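Among the features that Swiss-Prot reports, compositional bias 'Basic and acidic residues' is placed at 1-22. Annotated region 'Disordered' per Swiss-Prot: 1-37, in sequence order. Under the heading compositional bias 'Acidic residues', Swiss-Prot lists 23-33. Residues annotated as region 'EIF4G-binding' in Swiss-Prot: 47-50, 57-93, 141-150. What Swiss-Prot lists as mRNA binding site is 65-70, K97, 115-116, 165-170, 210-214, and the listing cites similarity to another entry. What Swiss-Prot records for C120-C158 is disulfide bond.
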Amino acid sequence: MVDEVEKPASLEESKTNTREVEEGAEEVIESDDTMSSLGNPCKAMKHPLEHSWTFWFDNPSGKSKQAAWGSSIRPIYTFSTVEDFWSVYNNIHHPSKLAVGADFHCFKNKIEPKWEDPVCASGGKWTMSFSRGKSDTCWLYTLLAMIGEQFDCGDEICGAVINVRVRQEKIALWTRNAANETAQVSIGKQWKEFLDYNDSIGFIFHDDAKKLDRAAKNRYSV
């Protein structure tokens, strides 16, 4: 565990020490200089995360009814230190600024945000819902909890996704072994605590979602 990443709320303090904001606006990346600046050597010591993570973006303008699900998802950037996370995060659009239909993912490196990925295939997801434009802080704290290894069953976590829709935004936390009820319930309870989220949340198996689509029912609730 990284000392600087103690809990979601405290990580906000490190934001001021690693901010490199450059304005602009195009899809997710706000600055054309963002990726190039991340490649430059940094004189200050960087603080490694336990895992490397990759941001993925599903561009709504690139989707078509004929295209296979997930065909428009593309990786944006992989980071492995606290400082690189903030450099990326501070230069991308937050959920409230994303176009309707956009899906933005953050998954452990080498795990693709798809049901078909071998690590995700037997998993499932917890989901939280928010009014349109109200998920920015909870999305950030979800990311901080994940990359800071705040979950007791963190090895179960694959990643998280924010879905931006017309009337609402949803954050889902993907896990790898849906049948492990003890681990999934622990993750769901801790996630609610980290975000101070009071509504009930449900866990759906990916297998159920593939077979039943929107008719899939929650297997666990907290």
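Cβ coordinates are placed from backbone N, Cα and C, and glycine is handled just like the others.
On a predicted model such as this, the values are computed, not experimentally measured, just so you know.
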Whole-number Å value for how far C158 (disulfide bond) lies from Q168 (mRNA binding site) (Cα to Cα): 23
R165 (mRNA binding site) in three-state DSSP notation: coil
Other CB atoms, at most 10 A from the CB of R165 (mRNA binding site): 13
Where C120 (disulfide bond) sits in the secondary structure, as DSSP reduces it to three classes: coil
Residues that sit under 8 angstroms from K210 (mRNA binding site) by C-beta distance, when 6+ apart in the chain: W115
Candidates K97, R165, D213 (binding-site residues) - the one closest to C120 (disulfide bond) by CA: D213
D213 (mRNA binding site) to C158 (disulfide bond) - Cα separation in whole Å: 21
Number of other Cβ atoms within 10 Å of the Cβ of Q168 (mRNA binding site) across all protein chains: 14
Mean predicted confidence [pLDDT] for the region 'EIF4G-binding' (141-150): 98
